[in-house]
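First up is the structure itself, then whatever we jot down about it.
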Amino acid sequence: MKFSIKRTSEIVLSSLLFLVLMFSLFINPIYAFPTAVEPDIIAPRAVLMDLKTGTILFDKNANEPTFPASTTKILTALLVLENASLNDIVHIDYEPGVTGSSMYIVPGESFSVETLLKALLIRSANDAAEVLARHISGSVDSFVLLMNERAAALGAKNTHFTNPHGLPNESHKTTAYDLAMIAREAMQYDLFREIVASRSLVIPPTGETDQRVYNNSNRFLWGTGPNHQMMYQGLSTDIYYEPVDGIKTGYTNSARNCLVSSANFGDQRFIAVVLNAEQENIYSDSRTLLDYGFQHFHTITLVESGSELTAIPVLNGTEDSLTLYSDSTLSFVVPRSIMADDIKPKLSLIDENITAPIESGTIFGSIDYFYEDNLIGQVSLVNQQQVDFVPVYQRISYRGYLFPAFLLFFLIWQSYVYRLRRKKKRIRRMQARTDRYQQYESYE
């Protein structure tokens, strides 16, 4: 959408307050669009987030701290991707002191970091979590400090972890919302997406252990047949759900069933988090959330980063006008009843008198977007080209008037020459007549 500008008193100083509805990793929406009837979720805690924008589309006690079980491993995996070389070989000369789901590492075995990462996410191996923590930070305690620092940096304000695997501890807690943010960050990594979408894992034999083969603990990826059914919308159906492509399950007696899911359909991708559910509800609640997102919401992009939006006049510069562009992309996830035309833009400039010189990347104002008089988003207007100052005596050439000025000068000069020639011609004629007259008198 491009705007034309007139330098009138209607162009006023912009309020540069950046109130964005569907934005950022860390802040929930400020303005709530009218939505359809919310889904009926049985689990005590849940959230549905749009992966691209971070928009929260549904929450149920989403900021209430609780036990997350093995969904903890999402953050562990993120830290591995950020801090370790995947090709590093880890030699284990100790027996990991953990219980529960494991790959049963034997002292003397060696694995690449990538293999351990796959075991962490697909097998949900607690011993792999401990080995990776020690490899990165030297000790589990040091790694836990790193976990909590990274969670805080992501805006996970209600998260406090005490271990890298999620085994029970009274102080080991997070929230559905925090887990969604952590998962959203992890999903930026291609390898993470590839691993969590894998149905199984095969680890070749080592000198101490035969070949290991594991199914992904997330039955959304493969659960079909009579032993993998759930009740959904009153019908018995396979747990397998094609749009789902990850992420992580979790279970302990204290946390009950936990599941963080990623699903993609068309141009929509959502993250659903369901915590502390009973076994019969964990997958049905998660699918209910995902289907709610697919059926009732869509993404509209109002402006792309770098889009040409308007032009403004410039004084005393090498250019008469300056093109302004959007500094960012502005996208919204909205109910399907709302279209892009329902959101109205308003242009505001900081100053109507723009004078050279102008550096590239200067902010000149904003375009504010409103839905039913509610400010929901904003992009800044910036220039991409530099405009230099031009002295008065040079401006005529820069402004494109050199040829007209030269033509005018030429015409004036030609007129002057023409008149001068006519005058000289008259003088010569008069002189000739005078000479003839004098010659005639001499004959007399």
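Cβ coordinates come from backbone N, Cα and C, glycine included.
Note that the coordinates shown come from a computational prediction; the quantities given were computed from them, not determined experimentally.
What TrEMBL records for SER70 is active site, acyl-ester intermediate. According to TrEMBL, the feature active site, proton acceptor maps to LYS73. Here TrEMBL flags SER124 as active site. Look at TrEMBL and you will find LYS248 tagged as substrate binding site. The feature domain 'Peptidase S11 D-Ala-D-Ala carboxypeptidase A C-terminal' is assigned by TrEMBL to 297-389. What TrEMBL lists as transmembrane segment is 401-420.
With respect to their backbone Cα atoms, SER124 (active site) and the residue listed as 'active site, acyl-ester intermediate' stand 7 Å from each other. Cβ neighbour count for SER124 (active site): 27 (other Cβ atoms within 10 Å of its Cβ, all protein chains included).
If you count neighbouring Cβ atoms within 10 Å for each of the recorded positions LYS73, LYS248, the highest count belongs to LYS248. SER124 (active site) carries neither a helix nor a strand DSSP state and counts as coil. Within the same chain, residues at least six positions away from the residue listed as 'active site, acyl-ester intermediate' with a Cβ under 8 Å of its Cβ are SER101, SER124, ASN126, HIS165, GLY166, SER217, LYS248, THR249, GLY250, TYR251, THR252, CYS258. Helix, strand and coil residue tallies for the domain 'Peptidase S11 D-Ala-D-Ala carboxypeptidase A C-terminal' (297-389), in that order: 3 helix, 56 strand, 34 coil [DSSP].
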